[in-house]
Amino acid sequence: MPKSQFIDPKQVRKSGKIEFKDIPVNQYDKSIEDEKVNFSKKQFIAIYHDMALIRHFETMINLIKIRGEYEGIEYNHPGPAHLSIGQESAAVGMAYHLGVDDFIFGSHRSHGEILAKGMSAISKMSDEELNDMMKNFFGGTILKIVSDGHQGDMKSLARRFLVYGTLAEIFARETGFNKGLGGSMHAFFTPLGVYPNNAIVGGSGDIAVGAALYKKVNQKDGIVVANIGDASMACGPVWEGLAFASMDQFEQLWEGAYKGGLPIIFNIMNNQYGMGGQTCGETMGYDIAARIGAGVNRDSMHAERVDGYNPLAVIDAYKRKMELIKDKKGPILLDVLTYRYSGHSPSDASSYRTKEEIEAWENQDCIVSYGNELVKAGITTQKELDAIQADIVELMKYAMTLAIDEKVSPRMDLEKHPELIGDMIFSNQSVDKMEDRPVEVNHPMEENPRVQQIAKKERYAFDANGKPFSKIKQYQLRDGLFEAIVDRFYKDPTLVAYGEENRDWGGAFAVYRGLTEALPYQRLFNSPISEASIIGTAIGYAMCGGRVIPEIMYCDFLGRCGDEVFNQLPKWQAMSGNVIKMPVVIRVSVGSKYGAQHSQDWSSLVAHIPGLKVCFPATPYDAKGLMNTALQGTDPVVFFESQRIYDVGEQFHKEGVPEEYYEIPFGEPDIKREGKDITILSIGATVYRALEAAEELESKYGMSAEVIDARSIVPFNYEPVIESLKKTGRIILTSDANERGSFLKDMAQRITELAFDELDAPPVVVGSRNWITPAYELEQYFFPGKDWIIDAIHEKIVPLKGHVVKNNFTNAEIIRRGKLGI
Amino acid sequence: MYDLAIIGGGPGGYVAAERAGTKGLKVVLIEKKELGGVCLNEGCIPTKTLLYSAKIYDNAVGGSKYGVESKEVSFDFGKMMSRKQKVVKKLVGGVGAKMKMFNVKTIKDTAYIKGRTQQGIEISTSEEEIVAAHLLICTGSEAFIPPIPGLGEPGDVILTNREILELKEKPDSLVIIGGGVIGMEFASFFNSLGTKVTIIEMLDEILCGMDVEMSAMLRQMYAKKGIEFNLSSKVTKVEGNVVTFEKDGKETMLSGDKILVSVGRKPVTTGFGLENLGVELFRGGIKVDDKMKTNVPNVFAAGDVTGFSLLAHTASREGEVVVNNLCGREDRMRYNAIPGVVYTNPEIAGVGLTEEAARQKGIAYKVAKLPMAYAGRFIAENEGGSGLCKVLVGAKYGEVLGVHMLGNPSSEMIYGACMAIEAELTLKELEEVVFPHPTVSEIFKETVFDFGHITSNAKSTAIKVS
């Protein structure tokens, strides 16, 4: 799309062939002897220790799950445990070079990675840093527990801290790393650079890319490692993450310090199985997972298969790959071959593999082999290694005893504080900027052409005589959005916006017109057409501390990022125990005129998911005020916009949309027209049809309708609606969402529950039909119109003298439709 | 363009037309036969006219009980029938006059619904192509002829309510299939005139839906008067004027000069283009909600065509519900205070729940009953007669749930109970109502006070009446 890039037909039509660089497979070929120059004895031993630590940790949990007992300590852990016994060398090798600034993301099978990365980071931190880290986490709660009776140095205390915090989290204790809200599959610990592990297979495949984007855009040190399983390589979001991470623009369009590839390594923890499906030979066709790199970019992602059964091979690979990242040659793909002896989970009977196969791998066990090699090379003795093992067993007993002690490690007390989890769903903070540093912009705001154009517009739609100004003259809803967004770009240096056709084009609906001029590439860019990565990366970006506006061009495309919107974005604030903030404002445009796959209002689907704020303004004043609020907050917001009304002027605030900054609190509905006989509650663009209906009700039937614009639906304050009902006693609810299961139904139920005594008739919902959206010319039969509202009032709430209905709101018809599911 | 088109000029249609006309709506009423429908032409009115003749004859014959001797008492069947014709004609004329008075356009033709367009509902008649904003369907019902071998269309022997009203002579014997209201009223009439009447009823009691105790009492009275009752009997065959029925596995053959089929009625939903609207049917009738709306916008139905509560006064009220809502007055049809009357001699009248219905629905009730003889006026006017009044009230609040009476003139008294139920009166409130004395209606008040005599037992006093 950028004009600077010329697509020359002569060039692109030339014949030729694509050549791939070789992808190395298991080429590490060094002995301990060879590696003595690279590792001290301490380092050799630390590698052994960390692997053994993981082995004992996982073994302990396995025994607890299977026998309910470990070393004489009894415990019942009903929750999940996806263990990685056998994979220790892969985890330790991956983590060896990583420091606290390097972030790892993982999967449901990531206990080992937490411990490996944690130990690696600890080894590189000073005692002071360690002390601060532990002291500052949850007010030193965990530190207090583990320092009790501790004898030894800061690093060994930190080791206790790491093991206890992880175990307490797995056992859902409030003293765990995420207050027990993450659990085994989602445990993580950001102070040591361990970012969320994801129970959705491949979930980290795009989120981690967002973290790398954060590092790049905000010029932060460190790299990002996405630990994903071999079986996740079929997941769409993983591919979308790969595509996003390897965009040409990083190299070709981004400038200065921002030029170059993303600092990310996709680390396939290739244990060769999904749950039971064998990726090589059964469920995939790549043979060797590293082959995937060849299809992604010119560098084949510098892909390589590494023998993950040898920790030194993995360490070697990381050393080389981190050099590439330093040279901005990311993204990297590593296929780290490994094997798990443990089942997918303790209930796994291993029906999909033979005993012989497991034994063959056990005979080459990574820890035993490595230990033998060390002994053989004279670096250590078996006795020394046994002592390490014995010490680890003691540590495990210690952590276990403590983590299951109800007094030391209680669970969240929901008896005493019943709303503890509720209070964590949103962070509800008001933050001007996520980081205090100068913003990168191309020119002062007042020089921006769009800003100058808006300055000439009429901020109230009507002149002194009540005559509307021409559409071009009117300050439109899209201008309100723009003003709020551009304002934030000049305030918050971390703010980035991207999506499909955001740059140059200015967004498909011209909200961003003028932003291209104002912002450098790294703050506003075009993403691939891959909604999962658009939202997934935004989640990663926000997790690391940035603010972001991803755009979904049509609401209908939300399905393409279903996991990101439903499982990731809403969950991580609470699942982290509120360690993580999620300032992501997804702009979602609701279409019309474009048929079944471009005209749906899915606000209800989003509202159903706990953890998302949802708003749907219908006026320029509300759009600007709500966008300001969304961008000032720290919570994920799904910001709905209707394409029917991007060009609508401000018809309600006579003094015009303020030029200065203002916020409209989420959850407060707004009375757009006062009345006393019936209340019409609208979500989104239907408010204008509701107002037309109110006019007709008044003029033809002498009925005075109060029109309330919900403006936002999560949160939502019912009090103004109840107040209205005290006057009117009747309510009709309308929106463009199809009627079955729409949020209006939820509202109708709440209203019935809260204001039953005020109601003279049941609340009636007028949504669109439970059909496909037909062509524009037939939309009047699909979307609720003014006459639908009046008909429904006449048929279901109160008869209007002389009214002849056009639409079918009879009970029999409703029952018929119900029977047919339409 | 009419505001309201009504198809069917029975008590559903013409009352709705009158009410709508009064409110200033532009109304057209289409009736293919005579205004008044089954009720005026071949139902309520002609039968009551004839039954009154029979009652006068009964009184003349039995006058000696009251000290009045009549010699050579006789009746003229033809004259009874012609008087009935005169009464019908007069009333039908009256309906027509009312339609004119309220500016209702009437069309005497078969209506044909062409369909529904954005302009309205299009109805074709020979006189006019009608477009109406709303349509009320009141096409009523017709006698149901059950699929019994040999039982064909009505003719010389096989009669329905329609043909029996056209008889030129009193039959010597009459077999009635179906001992419901219609069957019992004709049985009463012909029994008075000396016809040998036999009733075959499939259920175990006559007058299904009425208070079972009173139905049984009435049956016993008529058995004494010579009517033969065959209950729990299923007609299996009709050959000429011989009816075969089965009871307890035993076949019996009966013959009568005439055979009246009165097993029920079926809604009339064909022959006028209903199918062009896509109106939903339920058990043969038009499905409606409590505002008499069908599934098609602006299309309503009232009366027998809905297939339930087949009574003229139900139809009228249903039509009024439609008109009220059209005129901006919220109104919903309620069926809990619809009276039912059987014009036998003595009459039975009831409104609201029967004990049987209350038990079936699991409604906690209390009941009180008194013999009609508790009202002095009844003794004065019913020498040797007996009767019963029964009142059901809610166990908790004492609201009137049902009132049932056997004895003359319960048809004229029951409306008081209708008002009590409609107004949700309780025992306490009823106790404070003053009844005129001496009237038979005082039996209602007496029964109400009888609740005071009931102490612990929720179920009644038990003054046995036989």
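Every residue number used here counts from 1 along the chain in the order it is shown.
Note that Cβ sites are derived from N, Cα and C of the backbone, with glycine treated the same way.
Note: TrEMBL annotation is automatic and uncurated.
Since this is a predicted model, take the numbers as computed values, not measurements.
The active site, proton acceptor annotation in TrEMBL covers B:His437. DSSP classifies B:His437 (active site, proton acceptor) as coil under the three-state reduction.
Per TrEMBL, the feature NAD(+) binding site maps to B:Gly178, B:Gly179, B:Gly180, B:Val181, B:Ile182, B:Gly183, B:Met184, B:Glu185, B:Glu201, B:Gly264. Mapped onto three states, the DSSP output places B:Met184 (NAD(+) binding site) in helix. The Cβ of B:Met184 (NAD(+) binding site) lies under 8 Å from the Cβ of B:Ile199, B:Ile206, B:Leu207, B:Leu218, B:Tyr222, B:Val342, B:Thr344, each of these being in the same chain and 6 or more residues away along the sequence.
Residues or ranges marked as disulfide bond in TrEMBL: B:Cys39-B:Cys44. Taken residue by residue with DSSP, B:Cys39 (disulfide bond) is part of a helix.
Marked as domain 'Pyridine nucleotide-disulphide oxidoreductase dimerisation' by TrEMBL: B:338-447.
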Chain-mates of B:Gly178, B:Gly179, B:Gly180, B:Val181, B:Ile182, B:Gly183, B:Met184, B:Glu185, B:Glu201, B:Gly264 with C-beta within 8 Å of site centroid, NAD(+): B:Ile176, B:Ala187, B:Ile199, B:Ile206, B:Leu207, B:Ser262, B:Val263
Would you mind splitting the domain 'Pyridine nucleotide-disulphide oxidoreductase dimerisation' (B:338-447) into helix, strand and coil residue counts from DSSP? 40 helix, 32 strand, 38 coil
Cα separation, B:His437 (active site, proton acceptor) to B:Cys44 (disulfide bond) (Å, whole number): 30
Rank the binding-site residues B:Gly178, B:Gly180 by the number of other Cβ atoms within 10 Å of each Cβ and report the first-ranked residue. B:Gly178
Could you state, as a whole number of Å, the largest distance between Cα atoms of any two of B:Gly178, B:Gly179, B:Gly180, B:Val181, B:Ile182, B:Gly183, B:Met184, B:Glu185, B:Glu201, B:Gly264, the listed NAD(+) binders? 14
Measuring CB to CB from B:Ile182 (NAD(+) binding site), give everything in the same chain under 8 Å that is also at least six residues away in sequence. B:Asn161, B:Ser262
Distance, B:Cys39 (disulfide bond) to B:Glu201 (NAD(+) binding site) (CA atoms, angstrom): 24
Taking DSSP three-state, what's B:Gly178 (NAD(+) binding site) in: helix, strand or coil? coil
I'm trying to understand the geometry here, so how far is the Cα atom of B:Gly178 (NAD(+) binding site) from the Cα atom of B:His437 (active site, proton acceptor), in Å to the nearest whole number? 39
Mind giving me a neighbour count for B:Cys39 (disulfide bond)? Other Cβ atoms within 10 Å of its Cβ, every protein chain shown. 24
Look up B:Glu201 (NAD(+) binding site) in the DSSP assignment and report helix, strand or coil. coil
